[in-house]
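Student: For reference, the structure I am asking about is given below.
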Amino acid sequence: MFLNSLDLPGPPENSRVVVAMSGGVDSSVVAGLLKREGYDVVGITLQLYDHGAATHRAGACCAGQDIEDARRVAETLRIPYYVLDYESRFREAVIDPFAESYARGETPIPCVACNQTVKFADLLVTARELGADALATGHYIRSVSYGTHRALFRPLDSERDQSYFLFATTQEQIDYLRFPLGNLPKARVREIAKEMGLTVADKHDSQDICFVPQGKYSDVIAKLRPEASNPGDIVHINGQILGQHSGIINYTVGQRRGIGVATGEALYVIFLDVENARVIVGPREMLETHKLFLRDVNWLGDERLENFPSDCIDVAAKIRSTRPPRPARLYYKEGIFSVDLLEGESSVAPGQACVFYNESGDGARVLGGGFITHSERSTDAEERLQRVLHN
C-alpha cells in the first residue's frame, strides 16, 4: 500500500490534516509544509486565555495577538482557519490544577497538563469530527511507525527537544498525531518561514507558562488560592527560625536566590511544610537524592505492566526539560513506579516530571513518564528533616 509522507494511505490530496496553530513560527511552518505537499489542511487555534498584558507580551501563546498572527498565516497559505473558545476548559484543566499544585508545595508543569487534556484530547476529538486523518502540531519530537503502532523519539534538534512535555500522550493519541518538525533544526524552520513569506518568521518563541502575565506566577496563584500567600516562618534544618516569608507560593524546592534571609551560609529551600506554612532551608547536600517515586505514570514501553520485570529496566531518565537523559533504573512493584538515578540529582521538587527513554542518545525513544511525589534523601538528611517537621 502506498503511504504518503505522514504514513497515511494514498496521495496527500486524499488526506485531511488539522494543524494546531498557536500563532508561532513552528506550527505555521507545519501548516505551510503540509499545504505545499498537497494535503487538505485545516488550521485551528484554541483561544485558551485572555490575560490583559499577557495577550501582547513577547512569548505569550494562544492569546489575542497570536490568534491574529495565525489568521494572517492561514490567509497567506490559503487554508481554512477556525478559532475555538477553550478559555473555560483551559482554566478547569490547566490553570486551576496549576494553582492547587503550587498551594500544595509542588512545582507543577502546566504544559504537560495542557498537552494531556486540551491539545491532545479535546482538539483531537474536534479534528476527528472534521473528518481529519491526522492532527499535526509544531512540537519538536519525532513520531515513527513502530510495529503496529507509532512511537515517540527525541528530535533531530536536541536543543529544541520537547519530548519531556509529551510523555503523557496516550498510545491512541500518538497514532493519530503527526510532528513534521521532528527531523528539522529550528534554524531551517525559520528559513522555510521566510521562503513562504510568513509574517511570523522572526517571531519570538513561546514561553513555558503561557498564561502567566510578565512571568509572575505567584500573582495568578494568589488570586486563585489566596491561602497560599499566608505568611510563615523560614526555618533552618537545625530548627532555628531565621525569618518570615510572605507565602509558600514564592518558593520552590531547590531555590537559592530570593529566600529572604542572610546568614553567611549558602542556603537552599529543602522542603515546603504546607500544613504549617513553613519554608525549611539548609545546605545543598540536603537536596541530593538517588531515588524518586512517581504517580500518574504513562507507560509507553513494549512490556505490558503485568509482565514488567521483577527486578528493573535499564532506562535513561530526564527530570528537567533542559537536561539530557541520564542513566537510571526503573522499578514497578505493587502498582508503584520508582526510579534509581545512577548519577544522582539535586533539587528535585514534587510535581516535576520524570521521563523515561530507552537510551541517553539524541535519537532515544520515549518510554513514558510520571510526576514525582517525593524523593529519597540520605538517611541523615531525612532524619534531620523529620525532626524539624515534628517540632
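In case you wondered, yes, glycine gets a Cβ from its N, Cα and C as well.
So Swiss-Prot lists the following for this protein:
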- Cys114: active site, nucleophile (ACT_SITE)
- Cys210: active site, cysteine persulfide intermediate (ACT_SITE)
- Ala20, Met21, Ser22, Gly23, Gly24, Val25, Asp26, Ser27, Leu46, Gly138: ATP binding site (BINDING)
- Cys114-Cys210: disulfide bond (DISULFID)
Student: May I ask for the distance between the residue listed as 'active site, nucleophile' and Asp26 (ATP binding site), taken between their Cα atoms and rounded to an integer number of Å?
Tutor: 18
Student: Quick one: among the recorded positions Ala20, Leu46, Cys114, Cys210, which has the most Cβ atoms sitting within 10 Å of its own Cβ?
Tutor: Ala20
Student: Expressed to the nearest Å, what is the distance separating Leu46 (ATP binding site) and Cys210 (active site, cysteine persulfide intermediate) at their Cα atoms?
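Tutor: Roughly 13 Å, rounded to the nearest whole number.
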Student: Measuring Cα to Cα, how far is the residue listed as 'active site, cysteine persulfide intermediate' from Ser22 (ATP binding site) in Å?
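Tutor: Distance between the two Cα atoms comes out at 11 Å.
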Student: When DSSP states are folded down to helix, strand and coil, where does Ala20 (ATP binding site) land?
Tutor: strand
Student: Let me know how many other Cβ atoms fall within 10 Å of the Cβ of Asp26 (ATP binding site).
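Tutor: Around the Cβ of Asp26 (ATP binding site), 25 other Cβ atoms lie within 10 Å.
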Student: For a quick check of understanding: among the binding-site residues Ser22, Gly24, which residue's Cβ has the most other Cβ atoms within 10 Å?
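Tutor: In terms of Cβ crowding, the pick is Ser22.
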Student: Can you tell me the three-state DSSP label for the residue listed as 'active site, cysteine persulfide intermediate'?
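Tutor: The residue in question, the residue listed as 'active site, cysteine persulfide intermediate', is coil (DSSP, three-state).
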Student: How many Å separate the two farthest-apart Cα atoms among the ATP-binding residues Ala20, Met21, Ser22, Gly23, Gly24, Val25, Asp26, Ser27, Leu46, Gly138?
Tutor: 16
Student: Does DSSP put Leu46 (ATP binding site) in a helix, in a strand, or in coil?
Tutor: strand
